[in-house]
Amino acid sequence: MTSQQDWTQRYTGAVMNTFGTPKLVLIKGQGARVWDADGKEYVDLLGGIAVNALGHAHPALVGAVTEQLQTLGHISNFFASAPQVELAERLCRMVEPSVGAADTKVFFTNSGAEANEAAFKLTRRTGRTHIVATEGAFHGRTMGALALTSKEAYRAPFEPLPGDVTFVPYGDAEALAAAVTDATAAVIIEPVQGEAGVIIPPADYLAQARHITTAHGALLWLDEIQTGIGRTGTWLAFQNDELCDELPAVPDIVTLAKGLAGGIPIGACVATGAAASLLQPGNHGSTFAGNPIAAAAALAVLDTIEKDGLLENVAAISARLTAGLSADARITEVRAAGLLIGVDLVEGLDSAAVVAAALDAGFIINNPTPSRLRFAPPLVLTEADVDAFLAALPAILDAAEGTVTA
Ligand SMILES: *Cc1c(COP(=O)(O)O)cnc(C)c1O
């Protein structure tokens with residue numbers, strides 16, 4: 001029995017089977033590379049699902065976490081810490097760069113679903129309960145976040161979910177206008193749908209959503225948990241003028257998580273204007289939220305993205321990867337939002353077979369649907385990593401064509 005097989009057997013013996021059998025047991029990482037328990041090396045083109053912004057074992061992240069833990073690791077929300085306050089200020093400026101234009105405030109959490117839970121509770125404080133969400137949306141797996149997630153297979157086993165949610169087709173501003181009323185508390189939208197396979201809406205969609213929500217006194221809530229923190233080449237996707245037209249006003253709520261602390265668990269619900277003071281003392285809480293270690297990690301991620309020019313790297317690497325992917329006839333469409341890239345495969349080519357063939361060849365990618373691939377690599381991915389993958393791609397697709405998976 002190999003070391004992988006041994007760990008996998010112990011995993012299935014001790015860990016609840018919610019994720020299926022793990023594809024690999026990984027033991028270490030460096031930059032955009034990881035190694036499995038049998039010593040095989042992989043280029044990580046998934047980045048822990050858009051989480052490992054700085055790749056693996058980045059010295060800035062390791063240093064910040066180590067230093068913070070040696071200084072002060074956890075307090076409670078009876079107390080404040082400098083990293084927490086600094087991170088809150090940074091996120092407020094990120095969402096609302098025109099300082100002083102509005103009150104902007106943060107509620108910290110430990111995950112994406114919890115950031116959306118906080119925002120969901122915040123919307124209830126408007127005195128309204130109706131929420132409009134989109135078909136194909138993914139907002140997380142807790143009961144509240146699941147109520148906003150459209151996938152029937154995720155929802156059905158857990159109904160009844162918190163109610164009063166209307167789903168409208170994604171990217172369709174007319175359908176949105178028809179669904180929002182003066183009783184609507186909020187509209188929740190991903191600027192790009194990640195779990196659906198990287199779906200990019202029309203450029204005027206978010207601006208239209210802003211107009212519609214403002215007209216009805218409803219909150220505009222952008223779920224940037226996957227698209228935020230440099231993923232698309234700008235700090236936030238709604239600020240990316242290659243993806244979307246400028247909004248007439250900033251969103252009322254932005255939720256963040258995945259890439260924010262580069263792999264240390266964190267989430268944030270950022271609210272602007274009147275929405276920033278809807279949650280009052282006693283309305284919400286979380287023991288770990290705003291933890292100094294997670295905050296220090298996030299500050300290190302933000303500093304490194306800035307200092308190392310990673311937003312520019314995202315654009316350059318995305319263009320290189322996209323051009324290479326588009327060149328293969330078995331790939332029928334490539335949708336790139338910076339380093340969040342979705343690929344449609346020619347009919348009959350099974351995405352699970354492509355993921356398996358890629359793994360065999362030493363590349364980690366993901367298939368959000370049976371016909372789509374997703375790439376969400378570390379923002380530090382190099383040209384050499386991209387070229388290695390593109391050189392291997394024809395053989396990976398050949399191998400996948402010869403396979404039939406269940
Ligand atoms: C991943 C994700 C979530 C949920 O985050 P978790 O940390 O897994 O709870 C919510 N919304 C979007 C858009 C996501 O991509």
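In case you wondered, yes, glycine gets a Cβ from its N, Cα and C as well.
Sequence annotations record features per position, and here TrEMBL assigns pyridoxal 5'-phosphate binding site to Gly112, Ala113, Phe138, Asp223, Glu224, Ile225, Gln226, Thr287. In three-state terms derived from DSSP, Gly112 (pyridoxal 5'-phosphate binding site) belongs to a helical segment.
Mapped onto three states, the DSSP output places Ser286 (N(2)-acetyl-L-ornithine binding site) in coil. The number of other CB atoms found within 10 A of the CB of Ser286 (N(2)-acetyl-L-ornithine binding site), across every protein chain shown, is 17. For Arg141, Ser286, the entry in TrEMBL reads N(2)-acetyl-L-ornithine binding site.
Here the Cβ of Lys258 (N6-(pyridoxal phosphate)lysine) has 27 other Cβ atoms within 10 Å, regardless of which shown protein chain they belong to. Taken from TrEMBL, the feature N6-(pyridoxal phosphate)lysine covers Lys258.
Contact annotation for binding-site residues (Asp223, Glu224, Gln226, Ser286, Thr287) versus ligand 1: Asp223, Gln226, each with CB under 6 Å from a ligand atom. Put simply, Lys258 is the one of the recorded positions Arg141, Lys258, Ser286 whose Cα lies nearest to the Cα of Asp223 (pyridoxal 5'-phosphate binding site). Cβ crowding, taken as the number of other Cβ atoms within 10 Å, peaks at Gln226 among the binding-site residues Gln226, Thr287. Residue pair Ser286 (N(2)-acetyl-L-ornithine binding site) / Phe138 (pyridoxal 5'-phosphate binding site) shows a Cα separation of 23 Å.
Taking CA atoms as the reference points, Ala113 (pyridoxal 5'-phosphate binding site) and Lys258 (N6-(pyridoxal phosphate)lysine) are 10 Å apart. Rounded to a whole value, the Cα-Cα separation of Arg141 (N(2)-acetyl-L-ornithine binding site) and Glu224 (pyridoxal 5'-phosphate binding site) is 16 Å.
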